[in-house]
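Pulled from Swiss-Prot:
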BINDING   13, 14, 15, 16, 17, 18, 19, 20  ATP binding site
BINDING   63, 64, 65, 66  GTP binding site
């Protein structure tokens, strides 16, 4: 086996306490996630992870939906604990009986242990069966008074690695208005007011990532003024988006064809933000005109 460590979080707890929100939060944090994992399969799955160079941060939901849960969970945990390559923690989500009943009434779903349809009986039985596992858990979160956003933030605070920004990513993209607005954009900025390199013959076939085009776009006084205001607008609001529990913020910058001005601006913005935040840069339409010409 590899001597590289696996960071494993087992997510468990009361049905209706927020495990779906939790596993989605771990996915946003960059964990490899599986919901409703049968306990007997966990050790074999971890062996496969150890043999690859894939993501070694793993979050697994193991709960009462697996009917053989308690016949296997203790041996599974013993197996994990005896493996020096695995660092694991248990996150147990709980809520009051009254809150769980209320949530089940709202969703109109049946409780996995309510054989006769009585939700409260199922909750009480589940609480009794889960009591030993709860006592073993390193993290117990009472979600009774938590909104989904607050639960996501709680998980981010406890399980994100590195800086505060680890659970928050900024997507900076360029696009061409002639090809339509990006549907996933949160913030859209229009730079069509800037001088267009398209009308410079020597720049027409290049993109905003080419040095001469980039310098042409960013050297105009209008560009300098707008870029300064753009940073002053975006930078202060990023912590607020993160605080609200948003995992990805997409900032889109558009020009006519998405080849020159928007590409240069998006590249410049991405580089500036990357000093303090996790940033991905993409250019949706920078080669669109060339592809159209080639097909014609």
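Numbering starts at 1 and runs along the chain as it is shown here.
A Cβ is built for glycine as well, from the same backbone N, Cα and C atoms used for every other residue.
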## Note on the structure
The rounded CA-CA distance in Å from residue 18 (ATP binding site) to residue 63 (GTP binding site) is 12
### Message
Cβ within 8 Å of the ATP site centroid (13, 14, 15, 16, 17, 18, 19, 20 excluded): which residues?
### Response
22, 63, 93, 95, 100, 143
### Task
Determine the most Cβ-crowded residue among the binding-site residues 13, 16, 18, using a 10 Å radius around each Cβ and all protein chains in the structure.
13
#### Entry: Cβ neighbours of residue 14 (ATP binding site) where a neighbour is any other Cβ within 10 Å
24
### Query
residue 64 (GTP binding site) to residue 15 (ATP binding site): how many Å between their Cα atoms?
8
### Query
When you put residue 65 (GTP binding site) at the centre and draw a 10 Å sphere around its Cα, which of the binding-site residues 13, 16, 17, 19, 20 have their Cα inside it?
none
### Query
How long is the line from the C-alpha of residue 20 (ATP binding site) to the C-alpha of residue 63 (GTP binding site), rounded to the nearest angstrom?
12
### Query
Out of 15, 20, which of the binding-site residues has the smallest number of neighbouring Cβ atoms within 10 Å?
20
### Message
Using a 10 Å radius around each Cβ and all protein chains in view, which of these binding-site residues has the most neighbours: 17, 64?
### Response
17
